[in-house]
Amino acid sequence: MPCETSSVTVTDSVFLKACRREPVPHTPVWFMRQAGRSLPEYRKVRQGIAMLDSCTRPELVTEITLQPVRRHGVDAAVYFSDIVVPLKAIGVDLDIKPGVGPVVAEPFRTRADLERLRPLTPEDVSYVTEAVRLTTAELGDTPLIGFAGAPFTLASYLVEGGPSKNHEHTKALMYGDPELWEALLSRLAEITSTFLSVQIEAGASAVQLFDSWVGALAPADYRRSVLPASKRIFDAVAHHGVPRVHFGVGTGELLPLLAEAGADMIGVDWRVPLDEAARRVGPGYALQGNLDPAVLFAPTAAVEEQTDRVLAAAKGLPGHVFNLGHGVLPDTDPDALTRLTAYVHERTAR
Ligand code: CP3
């Protein structure tokens, strides 16, 4: 007689059900940049270890990935890493400067620079495989979200040499040398596809492609110069059968195109209400979002009022994963995130 068990498997988790637009007992919650950032226990374990070094230590990665799950009771973990890790792994000379972000020693501007972007192999990131295995074993029924940077956002760091407000060198290359631009994005798409596949094969239950800075583009330029490369990534990982999330900031005008690129769930920032976002992306997609991360600096009553607004806009959508409209801000009070998680669970319990 088969053994009867009531244990929930990761496949039946509330987060994955919502991604698949199946009925859920409550709206699942996780926060972009929940690992690291505001947690004192994170600052403690990171002491004296550079950001990119910490990403290569599987036990440390597992601990940091689990910290917000333990503390806030969120419905999914996000793998502790960074979007520039695969670039570092193929030998690009870059570093993450505290409080600044990724800085590239020699910016990419010419065809000769392409030579520095060789394909990524799983062996280049064997520490990722090990860390994902370790982490998923510890997480049990809680799903792990893997992630990567999208070609446009990665290209922006490579071409500008660091964080940029206007992306002027990136756009100059995109408009001025479309052939080189296409070659650059193709290579980045290939690297990213491998990086996501490594995480999925090691046990990640879902993947998110971060195109954080793509909101800087007009729709026609996105369609012509970026969508094909991002689409290649979603197509390349489709056979794994795990939900694929596509997120960017300031993408109100791009939402239909982000959906067209091939994701299952679209991440929405706080500028577009979720019901309007649903109209823009069309049927067949789950939505993730979209409380303004700055709202968490307001008193609890105001946070709850704004959360109710997000939940009201999401009411009736077939698949909703609650999140912030962008990452947790560094000075956020961790208790505000714990309260918010419980509040969303409570308000959406059915
Ligand atoms: O979500 C998580 O908590 C998992 C870990 C994660 C990090 N970076 C760790 C990190 C994730 C998902 C990212 C993604 C990332 N990295 C994005 C896309 C998401 C977004 O916010 O738009 C981008 C654009 C980057 C690039 C990057 N890395 C920036 C701009 C910065 C510096 C500023 C900052 O603190 O955010 C980083 C550094 C970084 N990545 C830190 C962490 C924990 C801080 C490292 C330190 O303090 O030394």
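Glycine is treated like the rest: Cβ placed from N, Cα and C.
Remember, TrEMBL labels are computer predictions, not curated facts.
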According to TrEMBL, Arg33, Gln34, Ala35, Gly36, Arg37, Tyr157, Ser212, His326 bind substrate; which one of Asp82, Asp113, Asp124 is annotated to that same site? Asp82
Euclidean distance between Cα atoms of Asp82 (site 'Transition state stabilizer') and His326 (substrate binding site), Å: 15
Is any of Arg33, Ala35, Tyr157 (binding-site residues) within Cβ reach of ligand 1, i.e. under 6 A, and which? Arg33, Ala35
Whole-number mean of pLDDT values that fall within the domain 'Uroporphyrinogen decarboxylase (URO-D)' (145-161): 98
List the helix, strand and coil residue totals of the domain 'Uroporphyrinogen decarboxylase (URO-D)' (145-161) as derived from DSSP. 10 helix, 5 strand, 2 coil
Among Arg33, His326, the most crowded of the binding-site residues [Cβ within 10 Å]: His326
Given the substrate binding site residues Arg33, Gln34, Ala35, Gly36, Arg37, Asp82, Tyr157, Ser212, His326 in the record, what is the largest Cα to Cα distance, rounded to whole Å? 22
